[in-house]
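Sharing a structure below in structure tokens format, with a few things to ask.
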């Protein structure tokens with residue numbers, strides 16, 4: 001139906017007859033001439049219709065052109081000629097196509113929005129097929145496509161094996177809530193959709209496949225936000241007979257090569273490395289954005305002599321923290337803006353936010369100054385590096401909570417004060433804690449997942465020091481986004497059983513949920529490790545958008561709905577009966 005793509009028609013085709021197909025982006029009838037911007041996935045070319053006096057065929061052609069509306073689907077035949085007025089905004093802007101025939105393949109109904117408009121998100125998602133026609137959306141989807149193609153080429157060339165793993169599998173606790181699928185042939189029993197291929201890829205290492213990858217669809221029934229979806233895509237990888245640096249060096253080279261190929265970005269020749277403890281201490285985050293130069297400063301020792309009980313209690317607590325965040329030029333914040341910072345910190349667990357503001361003339365404004373002697377107050381300001389015109393925020397309380405809300409303030413201040421440097425800041429975060437304590441459940445939970453190997457090989461040592469145990473986990477961070485997470489896995493069945501026990505998973509429960517894994521580890525499992533990269537998140541970074549919904553063709557809303565297909569939706573009673581499911585009536 002076509003000989004060329006619209007966006008690729010150029011000067012080399014001048015004088016030639018071409019057949020094009022696409023959508024009417026814009027149609028303009030200027031009386032004596034019609035101009036049609038014809039669009040396909042490669043871009044736009046101008047089609048010109050010039051009636052010839054006394055020529056019935058050209059008059060009919062002009063009549064067809066004059067009747068066109070937005071998004072009508074056309075086939076156009078014509079001759080390429082040089083344009084009198086060049087349009088530098090188009091690749092085809094030096095030429096136009098003089099139409100000799102126009103066929104309307106399909107008329108478009110009146111549109112809810114035009115391809116060059118940017119309507120509200122609900123409208124965009126309801127008419128996603130129209131939204132995806134917009135040039136910006138085409139660009140972002142193409143970025144994602146190029147990313148996946150480049151990853152496949154890179155791994156195929158290095159002897160990785162692309163192996164599929166099951167979508168219908170066993171429900172196993174991996175942190176988030178499972179999506180469950182009733183098993184019609186086994187009444188009362190359910191499959192789960194995979195949160196990741198984690199256990200299957202480990203078993204593939206036991207099976208001797210050595211190097212595995214998969215562009216895997218994963219499912220987690222969790223709250224949605226800009227960087228999370230119920231279903232998402234990850235590059236899943238696993239290596240046999242490796243240590244941490246083997247995996248890290250390989251995937252660092254891969255990510256560097258992929259960014260160069262897909263978006264022509266040169267990432268650092270060597271990614272900096274930082275332990276989890278250092279990242280939390282300096283930045284209040286295990287995925288710090290290194291483009292922001294601001295750092296947290298511990299001030300517990302300097303506030304112990306104060307008379308402020310919130311500070312002294314946290315400073316004297318072995319699990320407490322008193323941290324300061326200096327914002328250069330922050331004295332410009334009004335009281336209302338300071339209250340907004342306090343409200344922002346409260347979202348992350350802060351019960352209050354102290355501050356010291358120094359005017360350009362050195363005048364102090366602070367609700368906590370009265371609790372310090374003149375000498376200790378001066379020492380505090382010197383320690384944090386405060387100068388006239390600055391503001392210092394303080395957080396006090398439990399170490400983790402203070403780190404979280406002060407880290408959130410750091411990000412807010414970086415954006416508010418234009419302190420986010422241009423460019424790309426990759427980072428390895430290593431040596432994560434093996435466990436974290438869940439106050440509600442009164443037990444340890446795995447910080448990564450239950451299959452991450454501890455840094456120690458001795459089970460007695462792990463049991464005796466579970467609270468401070470370090471794992472062999474690692475994350476790759478880019479511009480404050482965790483784009484990849486991995487670890488060396490547990491390959492010994494006795495160590496895996498011990499970790500289950502520390503997580504409150506008894507032998508009977510472990511056998512019921514993970515018996516297949518424990519059995520596999522018993523039959524000669526090699527040391528192995530891997531990593532998984534979030535395709536959606538990397539594509540969003542490459543495309544320059546903050547929401548992964550922009551790089552997913554058919555995403556869900558934050559309310560977990562597909563507005564285009566109206567999913568989820570009720571199921572007929574006979575279908576429910578077939579899978580032995582009875583739905584409780586909604587509570588009014």
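The backbone N, Cα and C atoms fix where each Cβ goes, and this holds for glycine too.
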Report the candidate from 229, 496 that shares the ATP site with 220, 221, 222, 482, 534, 535, 536, 537, as recorded in Swiss-Prot.
229
What range among 186-189, 190-193, 194-197, 198-201 does Swiss-Prot describe as region 'Aspartate'?
198-201
Please find, for 220, 221, 222, 229, 482, 534, 535, 536, 537 as listed binding ATP, the greatest distance between any two Cα atoms, in Å.
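If we measure all Cα pairs in 220, 221, 222, 229, 482, 534, 535, 536, 537, the largest is 20 Å.
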At the Cα level, what's the spacing in Å between residue 482 (ATP binding site) and residue 448 (L-aspartate binding site), rounded?
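Residue 482 (ATP binding site) and residue 448 (L-aspartate binding site) have their Cα atoms 13 Å apart.
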Pick from 222, 482: which of these binding-site residues has the biggest number of other Cβ atoms within 10 Å of its Cβ?
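Per the Cβ count, the most surrounded site is 482.
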Determine, from DSSP, whether residue 448 (L-aspartate binding site) sits in helix, strand or coil.
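Going by the DSSP assignment, residue 448 (L-aspartate binding site) belongs to neither helix nor strand, so it counts as coil.
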If one measures from the C-alpha of residue 535 (ATP binding site) to the C-alpha of residue 448 (L-aspartate binding site), what distance in angstrom results, rounded to a whole number?
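Just about 19 Å between their Cα atoms.
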List, in sequence order, the same-chain residues at least six positions removed whose CB sits under 8 Å from that of residue 489 (L-aspartate binding site)?
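Residues satisfying the criterion: 202, 205, 451, 452, 453, 528, 529, 530.
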Reported as an integer number of Å, what is the Cα distance between residue 448 (L-aspartate binding site) and residue 537 (ATP binding site)?
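Each residue's Cα considered, residue 448 (L-aspartate binding site) and residue 537 (ATP binding site) end up 19 Å apart.
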Using DSSP, would you call residue 220 (L-aspartate binding site) helix, strand or coil?
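Coil, per DSSP.
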